[in-house]
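Engineer: One structure, as structure tokens, below. Some questions next.
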Amino acid sequence: MSDSFDAAASHFHARSSVNDSSFHLSRQEEAELLEGALHAPYPEELLFDDDEYTAKTQYDGPRYAMPTMFYPNKPTPGWPLNYVFGNERSRFEKILSNFVLRNLMLQVLAPCFVLLWCAVPMPRYEDSQGTVRIRFWFFLIFYYGIYNAVGLLWITKLFHIYSVNWCPSKLGGTITYILFWMFSLLVGSLVVYFTAWRQITFTWITLMFISMIIPIGISFSKLWKKHSRRTAQFLTQLALLEPEVRSNAVLETIGWKDAYAHYSWFIVVLLVTLLVYIVGEYLTNLYMSTLPHSSTVAIMYVYSWTGTVSLCNLVSSWILNTKTHSYALVTVFKLYFELTLQVYVRNLYARLESPQQFVLVQIASSLTMMSVIPLITMSRTVFRLNVLMTKSMDSYVVYRKNMGRNFYVKCVASNVSMLSFLGWSLILHFGSNAPLYPYFSFSKEEPYSFKLTFYASTAVWISEMVASYLTRLIMRKFYDFEVALEAIRDFVEYPDMIPTFIAVSIHVLQNVVFSIISLHF
């Protein structure tokens, strides 16, 4: 243990979750115990500074008893937002309190990045049979390369929120990230270049899945090796220790096992997340290969996809809340599942044939999930039912905060998904890459049209924003809860959520665009 460990424990996340009332290792204590296997993503001197940081206060109602602390180093290592936020907590809070800047950063930056990515003209040529083909190497390095880089960044930021890093400490995060990215492109090109598999979109999606799962395997294998060696040493040496030393060794080993168990559950959630990713891509290919669909089939698709993602969201939230005790990870994974759910439903709009179908899909998905369910679940009646069924020890104040957090995440996902859908509907219908995306061609022989899709989707977005605004007013008046204010406090307390929000948004949006491209090399 380092000399500053006791001081750090009082400064850094005394409890990782605001809604956990039992004793658990702090996130920094776990990072300290895991350090031998997985080094921390930030320099140690930035995490242990007794004079600069004040103790973390716990949430207790609409107001904090005292100002929350801010780690100026936390959002900055290797991340350009350092130059925007600076190193002062007051400046950081001021930026987040600005409605325009906050929403530009969290809800506009990711869609703009993805729209620019898919708008770049892809070099093409016609073969002797008149088939339009893509230049393979441009596609590999630029199109798939950026897609792969964002996926690796998203996985890396999740590890950072957990205060560990999957990269070898000798190489460092940046060098390892670049080398692994180049290696994944090299292996991918060798696998698909000489086979017909490269024409299949799902092949590239599978390669992306493998690229993201390898860091998880690396980190878990390192941790398992450390755990096995440490357990063997403990059992061998325990009998030789003095009674007092033996007691301390037992306590430290118990702490290590807790940290190992929590990290193992974190890995399980990552695997569930990647499973949703691969299932979503498969369902997209299945849905597109069986067009056209009736209103009934479209609604069944929406509900089946909603049920699948919601179930995975529920399981992941339960694991993160009860096993890893990380509020920040719960929030980030909720955004992933909500955005995955909504953005796939948005793309369904391009195959709806009448305004009536838009209304049915909207009632089945967005309005119900954004307004009706949040208002019902925040009531004290539902809270009491939740306590009765789950035996939760959370107070109503903490429960209300969690429900408000869920609603805020839904709003972010709604705006990001719809802004992106409207943007790439325009770009992929009128832009130079339109031949590669027949899904947005909207030929005159088809019952659906670009005009109906664009204007009906805009009307849907307006209705969602109105419903969201009314829901916020009801929460403020009847539940004494300020959605935006609590979100700002969360970001101040967990700054790493900001770059992770951006990374996960870009990754999910790219998943959808990539799944509908028509590949001919």
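Keep in mind that glycine also has a Cβ here, set from the backbone N, Cα and C atoms.
Pasting the relevant annotations from Swiss-Prot:
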TRANSMEM  103-123  transmembrane segment
TRANSMEM  136-156  transmembrane segment
TRANSMEM  177-197  transmembrane segment
TRANSMEM  200-220  transmembrane segment
TRANSMEM  259-279  transmembrane segment
TRANSMEM  299-319  transmembrane segment
TRANSMEM  327-346  transmembrane segment
TRANSMEM  358-378  transmembrane segment
TRANSMEM  411-431  transmembrane segment
TRANSMEM  450-470  transmembrane segment
Engineer: Short question: which residues 6 or more past the ends of the transmembrane segment (136-156) have a Cβ under 8 Å from it?
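Structural biologist: Here the qualifying positions are 117, 120, 122-123, 165-167, 173, 177, 180-181, 184-185, 188-189, 193, 198, 204, 208, 211-212, 215-216, 270, 500, 503-504, 506-507, 510, 514, 519, 521.
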Engineer: Which residues of the chain, 6 or more past the ends of the transmembrane segment (450-470), have a CB below 8 A from one of its CBs?
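Structural biologist: Residues 346, 349-350, 352-355, 358, 362, 366-367, 370-371, 411, 414-415, 418, 421-422, 425-426, 429, 440, 442.
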Engineer: Find the member of 103-123, 259-279, 327-346, 411-431 that has more C-beta pairs under 8 Å to the transmembrane segment (200-220) than any other listed stretch.
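Structural biologist: That would be 259-279.
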Engineer: Going along the chain, which residues at least six beyond the ends of the transmembrane segment (327-346) come within the CB cut-off of under 8 Å?
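Structural biologist: Hits for the transmembrane segment (327-346): 16-19, 158, 161-162, 266, 269, 273, 276-277, 280, 283-284, 302, 305-306, 309-310, 312-313, 316-317, 320-321, 361, 365-366, 405-406, 409-410, 412-414, 416-418, 420-421, 457, 490, 494, 496-497, 500-501, 504-505, 508-509, 511-512.
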